[in-house]
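S.K.: The structure under discussion is supplied below as structure tokens; questions concerning it will follow.
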Amino acid sequence: MSAFVNIDAQRIPVALSHQPYEVVIGGEGLRGVGKELRRAGLKEGIKVLVVSNADVAEPYGDLCLQSLKESGFRPTLLVIEAGEDQKTPVSVALIHDAAYEAKLERGSLMVALGGGVVGDMTGFAAATWLRGISVVQLPTTLLAMVDAAIGGKTGVNHPGGKNLIGAFHQPRLVLIDPSTLKTLPEREFRAGMAEVIKYGVIGDSALFQLLEGIQELDTPSQLHQDLLEKILERSALAKSRVVSSDEREGGLRAILNYGHTFGHVVETLCGYGNWLHGEAVAIGMVAVGELAVLRQSWSRDDANRQKSLIAKAGLPIAWPKLDPEEVLYTLQGDKKVKDGKLRFVIPTGIGNVEIKNDVSREEIRKCLSELS
């Protein structure tokens, strides 16, 4: 057995033809990141730029750096601001500046240690530095663990919309240390639970039922470690299966945008940073659930089950007061628009969805009227 194999970790393959990688859950966690990088084929002696934010770097930065040094890497730590309002080209330029100062080469590595914003910006910086260097994702929020860190989507926001500037850039490794959730603010944990619920709706009715059976969903301290790891594993497996079959969102991967079309409108019109991404997605899922009822795609009972589970997770379910015409205008600028037509992921039952390009503006107006 290889000296770099961690027998206690759960390993989920992301089976891409050109660059397969693993999502590793548990094991030694951040203490074993250096070993896991060696196992993934990264050579000792290479320069590593670890990008993090202050709230994460304080408890975990030194631990990560020590593990990297013990495995023969040469790490440097960069601490950045990581609110959604900081997810801009200017912030990525700061990472580029640090890469220049650290003299990163094409064989060097960037490591994202933090939540989804850190992961998105670091991934995009890696994709664009020297026309692309390797990146590793070390997610420390629930949302990043189950969604943002897996699949290679990177990017930053534009005043006209969320994630309009970006690239697909797959990581060499995703390492999930569930113990980092102990220091995660409860609001952030709840936001991540929105993405977990999403997986239940789009393709895993058993996961949805599992979540329905849990009495307390809104804080990690209420979940037994084994149950938490099961939720992480099922969610990561759901994401990896979709990404493995459709890396660049040519077809099936679009189902991962469930709740995001309306959710991105909420983020854009309410201002980045006023809602956490997962909170906006939760509102978006409730909204598209109502749209599905109006289209008779699924039952009112299914819509109510979804809304109840979202509420139990401590997430918002009320649509904010927004001008319907502004909503329609913002939807038209969404990157998921195809041939000028609005594209939505519509649920047809718990565990099943369809991608629809025929949603009319009048249907959206009626849906917004029902929500308000």
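Each Cβ is built from the backbone N, Cα and C atoms, and glycine gets one as well.
Sequence annotations record features per position, and here Swiss-Prot assigns NAD(+) binding site to G116, V117, V118, G119, D120, T140, T141, K153, K162, T180, L181, K182, T183. Here Swiss-Prot flags E195, H260, H277 as Zn(2+) binding site, drawing on sequence analysis.
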S.K.: May I ask you to report the DSSP-based helix, strand or coil state of T183 (NAD(+) binding site)?
M.R.: helix
S.K.: Give the maximum pairwise CA distance in Å, whole number, for the residues G116, V117, V118, G119, D120, T140, T141, K153, K162, T180, L181, K182, T183 listed as binding NAD(+).
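M.R.: So the binding residues stretch over 29 Å, Cα to Cα.
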S.K.: Out of G116, V118, L181, T183, point to the one nearest H277 (Zn(2+) binding site) in space (Cα versus Cα); all of them are binding-site residues in the record.
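M.R.: Sorting the binding-site residues by distance from H277 (Zn(2+) binding site), the top entry is G116.
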S.K.: Since the record lists T141, T183 as binding-site residues, which of them has the fewest other Cβ atoms within 10 Å of its Cβ?
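M.R.: Ranked by other Cβ atoms within 10 Å, the binding-site residues T141, T183 bottom out at T183.
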S.K.: Can you list, in sequence order, the residues of the same chain other than E195, H260, H277 whose CB lies within 8 Å of the CB centroid of the Zn(2+) site?
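M.R.: Going along the sequence, the neighbours appear as L143, D147, A148, A194, K198, G259, G263, G278, A280, V281, G284.
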S.K.: To the nearest whole angstrom, state the Cα distance for the pair E195 (Zn(2+) binding site) and D120 (NAD(+) binding site).
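M.R.: Taking the Cα atoms only, E195 (Zn(2+) binding site) lies 16 Å from D120 (NAD(+) binding site).
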S.K.: Could you tell me the C-alpha distance between K162 (NAD(+) binding site) and H260 (Zn(2+) binding site) in angstrom, no decimals?
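M.R.: One finds 10 Å between the Cα atoms of these residues.
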S.K.: Going along the chain, which residues six or more apart from D120 (NAD(+) binding site) have their CB under 8 A from its CB?
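M.R.: Result: K87, A148, K153, T154, G155, V156, N163, G166.
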S.K.: Which residues in the same chain, at least 6 apart in sequence, have a Cβ under 8 Å from the Cβ of L181 (NAD(+) binding site)?
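M.R.: The list for L181 (NAD(+) binding site) reads T140, T141, L142, F189, P220, L228, given in order along the sequence.
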S.K.: According to DSSP, which of helix, strand or coil covers K162 (NAD(+) binding site)?
M.R.: strand
